[in-house]
Protein chains: 2
Amino acid sequence: MKITKLAKGISLKRPLEGGNEEQLNVVRQVLSEVKKQGDAALRFYTEKWDGYAPESLRVTEKEIAEAVNALDQQLYSDLAEAAENIRLYHEQQIRTGYHMELGDGSWLGQRVTALDAVGLYVPGGTAAYPSSVLMNVIPAQVAGVQRIVITSPANQSGKLPAGVLVAAHLLGINEIYKVGGAQAIAALAYGTETIAPVDKITGPGNIFVALAKREVFGEVAIDMIAGPSEIAVLADDTAYADEIAADLLSQAEHDVLACAILVTTSEQLAKKVAEEVDKQLKTLPRQEVARASIEKFGAIYVADTLADAVEAINTLAPEHLEILTENAEVIAEQVRHAGGIFIGRYSSEPVGDYFAGTNHVLPTNSTARFASGLSVDDFVKKSSIVYYSGKTWEENAPKIARLARMEGLEGHARAVESRGWEKE
Amino acid sequence: MKITKLAKGISLKRPLEGGNEEQLNVVRQVLSEVKKQGDAALRFYTEKWDGYAPESLRVTEKEIAEAVNALDQQLYSDLAEAAENIRLYHEQQIRTGYHMELGDGSWLGQRVTALDAVGLYVPGGTAAYPSSVLMNVIPAQVAGVQRIVITSPANQSGKLPAGVLVAAHLLGINEIYKVGGAQAIAALAYGTETIAPVDKITGPGNIFVALAKREVFGEVAIDMIAGPSEIAVLADDTAYADEIAADLLSQAEHDVLACAILVTTSEQLAKKVAEEVDKQLKTLPRQEVARASIEKFGAIYVADTLADAVEAINTLAPEHLEILTENAEVIAEQVRHAGGIFIGRYSSEPVGDYFAGTNHVLPTNSTARFASGLSVDDFVKKSSIVYYSGKTWEENAPKIARLARMEGLEGHARAVESRGWEKE
């Protein structure tokens, strides 16, 4: 990895991955076809791109049962324990709205209600993601969403990864479709004969999925436009180089576009980490992916002071941030922008990917400046409530009418003034 | 207004207003020019479309002082009282995150932090919107946002409405720019020599503003894609026709695309409201706008039962819903989807537009199915925090490593396993 002196005031902000015009045109075509042709278009694109012709778009109970029976009991129990941890963390996020008495019988309120239906996209490709099922489904369940749908591309034999089916089964989800790509997003947004539309779509995917989510945004809600995974490690000379290298590689192995960055005050640590990365890469099964990522997007910055290092981290607003310094908890308070913060050497980032209970769906591409990880908040909406009594109306109607007239909206003023005791 | 029998199971869902290809191309051009040329592009488009060449893009302290001095004292006091009500309602939304002890010294947390900088777009055109300033700025202030910027198109003499400047002054906001349209959104998203970029853009606007917000979404956060205003009134035979008509017209006067709908169980009320709308239209200053809206998007539905009426309202998911029935509070509980709910005849919708304290930025186009009105939540983001002690790590590392390997991510497993006591 390249070691660079951290320039003061440098911005490490990551550019947004927008996709190109050609990809966007493909996505728009797919969305439009699925909207018009429904299931027929889903079947067409699934055969064309995923290489199989599904008998049934929906996963059968038999397939789920087979997956459950085939899975190692220990793994099932690990998944169940992870699910329980995730549930406990997310239960802290439940909100109930509020009620404010204004006097004279008047009140204002906020009501929080769950979305009716949500769809979770689980990516296919080179890895299986049962953990994504847990991370997306559990917050929706905690929020009280009644209908939760999963869609994911099957492999060429028409199978979904057993782990995905088992994770869904564990959570009581059985509406699962073997559809991937932009066509899956279209089905969730517009509905087809087989798949009823949902109100919100969550879950990561490739560039086609990301572009499709962006296109249907507004028609339905979406979680975020997820970019490639990122890790930043902030370390001083108390940290262990081999641990940092392992953590950097754990993100780099996700994707050739993933980004792994170390910012440290120790030049010696910087050198050791670079060496360790090279060494550990040699035996990593996904070394091709990880090496490409490290070469293109990996970086080590040496900062003069810890304060400079923290400021650089704030410009990066990383998806994941590990703090491996003395007084790491104090340093964590100085970080303003990061999706997930991992404090101390025993909080290796994969601890949060799978097990601790926090959500692993986190904002990428420096969007942690304004965005948050997936949470129960993503699966509820709020309504405001106004109840004015006659007395409160009488006292305030003249003020409201004046404000309306200042804006040139006479109809608003008249609406408020149209009330009166005399009619009662 | 046309009176229609409400068909069972009908969906009143409103289509999304997407803009056309030509408008989108204009917006993309503007965004790209502002990104490249900065202030020069802002000046160019402002002269081209708003018809004035601003000396200074930023409103001067002198202009603000003049506006404050010119405003009627009563109005100033009305605005101040509205601001106070809005602040009190939104202060209920402050969140502090949480901390969960896991035992063995380990803990998980959620931290809530304010965004650094937000930009509020205030539309120009035929009306002035000091209330929009209050509704957007106050939640951001309650959240703790440090930098709040307002941008709004000036009139041909280069002036912003005094009410807008006064509302800003009242809230202590003095970073105000005379820029409107897509070019204003571009400036807020990318920054120019004069205008530093922000993290989130809120506020309504015309179709060009809406399209521009959609285009920059991801680069910055946006509140929502606001469509034309909507009101639905749910009424039985206890309601007053003249009041309903006045409320329907108060939305219709906003915009020829605004939508005003009555759903009632009383055929007699339906007829009376239709007559009242005609009558009241005749003396309304903005009758041309209101009439066009009512003719194109106004509708009265007569339902067999109140339950049918409520179900129709749920398919519409209106921005504003008035409930003018017996036991209106009980009926309100049956409404699953609405941005703002107004209960009883003294809660005329403009009460919430200006004064009660709830936010008037609410989800339109049936998006109340999944979206919420503007709130303090829009101006904060959340970070998750994991702290694992050595003991907790030791207990759980094998489980985490197994889960990682199930997903084919050996690097994740090795990262977790790389820790150990022996190094300490």
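Quick reminder: no glycine exception, Cβ is built from N, Cα and C everywhere.
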Out of B:Asp116, B:Asp353, B:Asp377, which one does TrEMBL list together with B:Ser229, B:Gln251, B:His254, B:His320, B:Glu407, B:His412 for substrate?
B:Asp353
Candidates from B:Asn206, B:Glu319, B:Asp353, B:His412 close to chain A, where recorded positions are judged by Cβ under 8 Å
B:Asp353, B:His412
Rank the recorded positions B:Glu319, B:Asp353, B:Glu407 by the number of other Cβ atoms within 10 Å of each Cβ, and give the residue at the low end.
B:Glu407
What is the interatomic distance between the Cα atoms of B:Asp353 (substrate binding site) and B:His320 (active site, proton acceptor), given in whole Å?
10
Residue pair B:Glu319 (active site, proton acceptor), B:Gln251 (substrate binding site) - Cα distance, angstrom, rounded:
11
By Cα-Cα distance, the member of binding-site residues B:Gln251, B:His254, B:His412 nearest B:Gln183 (NAD(+) binding site):
B:His254
Is B:Gln251 (substrate binding site) helix, strand or coil when read with DSSP?
helix
From recorded positions B:Tyr121, B:Asn206, B:His320, the one whose Cα lies nearest B:Ser229 (substrate binding site)
B:His320
Quick one: among the binding-site residues B:Gln183, B:Asn206, B:Ser229, which has the most Cβ atoms sitting within 10 Å of its own Cβ?
B:Gln183
With the fewest other Cβ atoms within 10 Å, the residue among the recorded positions B:His254, B:His320, B:His412 is B:His254
For B:His320 (active site, proton acceptor) and B:Gln251 (substrate binding site), what Cα-Cα distance in Å is obtained after rounding to a whole number?
9
